[in-house]
Amino acid sequence: LQGIFVLGLPYALLHSGYSGLLLIVLAAALCCYTGKILIACLYEEHEDGQLIRVRDTYEDIANACCKKLSPSLGGVVVNVTQVVELIMTCILYLVASGNLLSHSFPYVPVTEKTWSVIAFVTLLPCIFIRTLKIVSKLSQLCSLVHFVIIFVVITYCLTQMHQWSWAKFRLSLEFEDFLVSVGVIIFSYTSQIFLPTLEGNMKNPGEFRCMLNWTHFFACILKTTFALTAFLTWGEKTKEVITDNLPSFLETLVNLCLLTKALLSYPLPFFAATEIVYSCVSKDNHSNYRSSLLALTVRGSFLLLTLLMAMFTPHFALLMGLSGSVTGAAMTFLLPSLFHLKLKWEKLSFLEKCADISVFILGFLCSLAGIVCSIKGLLEVFG
């Protein structure tokens, strides 16, 4: 998912100017922080001062916070939010795959939706993915392809250094365009949905915080370098997806790499969504999921659902923006800070409480702004 948003970072700089560079750094710090406090909610301090992992999932955290109101209300809200965001992400990969194939082979008399079906066929083996280990290997390949894309774009930009100029940065900003930039930058870092599962599957969970610090640090460096070099190269001509600025021979190469990345990225949100749904509809032991007929039915149904929505949902990008503004901000900022305050209030320092409250307010404002922009876009389209 981050790769899709990263390609829009130069365009975000076009509309945010120097403040965009600061936002890239700030978003990395905030998302790293909310990832840490979310994982902290999985643990409780034992009488001897040792931290014990008493919860396993985002759902468990939500249920612990809402147990006085309703034993399962929090989990239901979180699960619905997670599944909506994950499924919308899967659909986005299918739509993007069809678009990339259409642009890579314009001389083939095939519609974009047909290309999406062809991409869907290559994803059918996802039905048989049983463990996170397989997904992690696919994600490793996805990361490798991602670095190839970044390397190609940055290398080309470096060959154009002679035309770089800091004068290309805008000093005056349009508020609505700035909000779009904020959304692109912030959601290029989101990964909170996967963190409880990731931390639980680490050989040494004690290294989680260090891992989170280093990954966000290097992501910040990479994204800043990529966005800056690309924007300095094309300036006001920077397009929404930066690969559209590349010469045709490089654009085709990068589009095929993006296609590979989209297909390799699909299994992670797909696997996470189907596991959540199965855990809700089945009372069986979780290990039985991997070989049961019900599990195959859930995976197959979800796979087909993503194809149908990719094929028949009008103006999907705007709907994605609307749902992302709600679910993305909620899962990344609102819920982690709210849960941390609820579960750890007595043990938090004054500064930690202020930090959590500030993140919550920021998340609410980002969500509200995104909703307003998305609804405005939908009204313009349908009006």
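Cβ atoms are placed via backbone N, Cα and C, with glycine included.
Automated prediction, rather than curation, is the source of TrEMBL annotations.
Taken straight from TrEMBL:
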- 2-375: domain 'Amino acid transporter transmembrane' (DOMAIN)
- 20-43: transmembrane segment (TRANSMEM)
- 76-95: transmembrane segment (TRANSMEM)
- 115-132: transmembrane segment (TRANSMEM)
- 144-166: transmembrane segment (TRANSMEM)
- 178-198: transmembrane segment (TRANSMEM)
- 210-233: transmembrane segment (TRANSMEM)
- 253-281: transmembrane segment (TRANSMEM)
- 293-312: transmembrane segment (TRANSMEM)
- 318-339: transmembrane segment (TRANSMEM)
- 359-379: transmembrane segment (TRANSMEM)
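Tertiary proximity for the transmembrane segment (144-166) is limited to same-chain residues at least six positions away from its ends with a CB under 8 Å from its CB atoms, namely 2-3, 6-7, 222, 225-226, 229-230, 232-233, 235, 242-243, 246-247, 250, 253-254, 257-258, 260-261, 264. At the 8 Å Cβ cutoff, the transmembrane segment (293-312) and the transmembrane segment (20-43) share fewer than 3 close pairs (sequence separation 6 or more) and do not count as touching. Scored on C-beta pairs under 8 angstroms, the neighbour of the transmembrane segment (178-198) with the top count among 20-43, 76-95, 115-132, 253-281, 359-379 is 20-43. The list of residues near the transmembrane segment (115-132) in space but at least 6 beyond its ends in sequence, with Cβ under 8 angstroms from a Cβ of it, reads 94-95, 97-99, 101-102, 197, 201, 259, 262-263, 266-267, 270-271, 290-291, 296, 299-300, 303, 306-307, 310-311.
Pairs of Cβ atoms less than 8 Å apart link the transmembrane segment (359-379) most often to 20-43, out of 20-43, 76-95, 210-233. Counting Cβ pairs under 8 Å that are 6 or more residues apart, the transmembrane segment (20-43) and the transmembrane segment (253-281) reach fewer than 3 and are not in contact.
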